[in-house]
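Database features, via TrEMBL:
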type	residues	note
DOMAIN	1-61	domain 'MADS-box'
COILED	88-142	coiled coil
DOMAIN	88-178	domain 'K-box'
REGION	184-213	region 'Disordered'
COMPBIAS	185-194	compositional bias 'Basic residues'
COMPBIAS	200-213	compositional bias 'Acidic residues'
Amino acid sequence: MGRGRVELKRIENKINRQVTFSKRRNGLLKKAYELSVLCDAEVALIIFSSRGKLYEFGSSGVSKTLERYQRCYCSPQQNVAHQIPDTNINWSEEILNLKAKYESLQRTQRHLLGEDLGALSLKELQNLEKQLEGTLIQTRLKKTQVMVEQMEDLRRKERHLGDMNTQLKVKVSLEMSLLEGEGHHHNHIHNHNHNHNDNDNDNDDDDDHDDED
């Protein structure tokens, strides 16, 4: 039975969202690199995380590829050759907008770290407080989860050591029993030989008395 279609939507759990972002980001960067190598293609990839961190890949350099892309849009001949629709996109403005967004995300990150708070309004500070409270809750939940996992691991190790200790005690007890058994057997043989020698001495004495008579 085939797998059902998975609905794409925002991951609500922050930790799961970060893990998924890391895995998908690495996979996307790897695919971009493989495409550039296998097909001798010029590939540029730009990724901004939710925290404003920049990740990029450019087989010939991201800036160089963006400039080439801009020239491709601005050249009528290349537009015709590649059947690119004539749009009035100004890539310089797009780059500036992208840079402004990046700087805004950087400011947000600094605010979350408790930096550059002087210019924030009361409402902005309240929103920042809510974000920090949510982050604190998630951090505590993760901390509790890690502590529980560590305690379970310690319990497993304790049980394992207890089992090993029990097995060692049984082994020592068996070895002691074997040693005691060998000692009893040795004493029995020694006593038997001693009694036999005593009997022989008694017989010799009897013979001596008979000779004297």
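Every residue gets a Cβ built from N, Cα and C, even glycine.
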Tally of residues which DSSP labels helix, strand or coil - the domain 'MADS-box' (1-61): 25 helix, 10 strand, 26 coil
Structural state census, the domain 'K-box' (88-178) (DSSP three-state): 79 helix, 0 strand, 12 coil
Average model confidence [pLDDT] within the domain 'MADS-box' (1-61): 85
